[in-house]
Amino acid sequence: MDLAALLDRIADDVATDIGRGVVADYIPALARVEPGRFGMAVAEVDGAVHGVGDWERPFSVQSMSKVFTLALTLSRGDGVWARVGREPSGDPFNSLVQLEHEDGIPRNPFINAGALVVTDELARHGDAADALLAFLRQESGRQEITVDPEVAASEAGHADRNRALAYFMASYGNMRHPVPSVLDQYVRQCSIAMSCADVARSALFLARHGLRNDGSRLLGLSAAKRINAVMLTCGTYDAAGEFAYRVGLPGKSGVGGGILAIVPGRCAVCVWSPGLDARGNSVAGVAALDRFTTLTGWSIF
Ligand code: GLU
């Protein structure tokens with residue numbers, strides 16, 4: 001398969017989708033991104049990376065970071081599953097509703113409430129955002145990867161909903177650390193800027209059933225399978241059914257317009273285009289991944 005040529009073709013095929021949708025603006029710094037950007041990178045399990053468009057341009061990873069914090073937490077044991085579920089929520093990513101019905105246990109690790117619990121769990125071993133940065137730099141080979149201070153400040157200034165979620169869970173005894181500290185780590189984790197190439201390279205452990213780029217094991221086979229499974233069922237907000245239908249891969253999107261998808265045994269793919277659909281997923285990103293699995297036949301189904 002000539003992946004470089006394939007990516008060129010996909011970029012042509014989705015040209016009319018690029019710029020469609022709405023750039024997230026509830027975090028003001030995110031609204032400054034140009035909607036016409038598009039990049040896509042594929043990292044193969046042997047380490048080769050191919051890309052098209054803005055594939056080396058850093059953007060705000062936002063909720064794609066939740067895959068990596070979950071992996072780092074599970075690499076230290078699976079205690080987090082006593083504090084967070086693994087069912088699709090059926091509610092928006094920042095909803096408070098379900099938490100009251102289910103005693104402060106979030107439905108899954110990818111909605112904001114669940115990700116706050118994961119960050120809180122990882123923080124038992126030190127600053128969660130620092131641990132995440134160290135991991136991403138190591139896996140991508142790019143020491144320059146860092147938190148975008150402008151996005152972090154903007155997000156911290158508009159965090160009332162996440163603060164409410166965290167305090168609400170604290171009232172049920174589901175926060176180990178003080179809420180301001182967990183929130184600070186969560187905001188920095190979401191505000192990390194990376195390119196499609198960086199994200200795809202850093203996520204290869206999920207395509208390699210738990211093995212990192214240096215050959216060491218981050219996760220057992222079962223934990224890696226479980227993360228892919230939760231990405232498939234819960235990774236694209238309230239549109240995971242539609243994403244599975246169109247793309248057929250484990251995926252995790254972020255409001256910065258990025259989507260990470262995994263082809264187990266083969267590659268990690270990251271696509272970025274900032275215009276979001278009504279459910280919060282990149283319009284051109286979903287279209288590009290749809291073309292990717294159609295043209296390669298590499299869906300998991
Ligand atoms: N930092 C964002 C928030 O907490 C992440 C949202 C997302 O990408 O889904 O609202």
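The backbone N, Cα and C atoms fix where each Cβ goes, and this holds for glycine too.
Among Glu56, Glu155, the residue that TrEMBL places alongside Ser63, Asn112, Asn162, Tyr186, Tyr237, Val255 at the substrate binding site is Glu155. For Ser63 (substrate binding site), the Cβ neighbour count at a 10 Å cut-off comes to 26, with all displayed protein chains included. Less than 6 Å separates the Cβ from ligand 1 in the case of Ser63, Asn112, drawn from the binding-site residues Ser63, Asn112, Tyr186, Tyr237 in sequence order.
Around Tyr186 (substrate binding site), a 10 Å sphere centred on its CB holds 27 further CB atoms from the protein chains shown.
The Cβ neighbour count for Glu155 (substrate binding site), using a 10 Å radius over every protein chain in view, is 24. Annotation note: Asn112 (substrate binding site) sits in a helical segment as assigned by DSSP.
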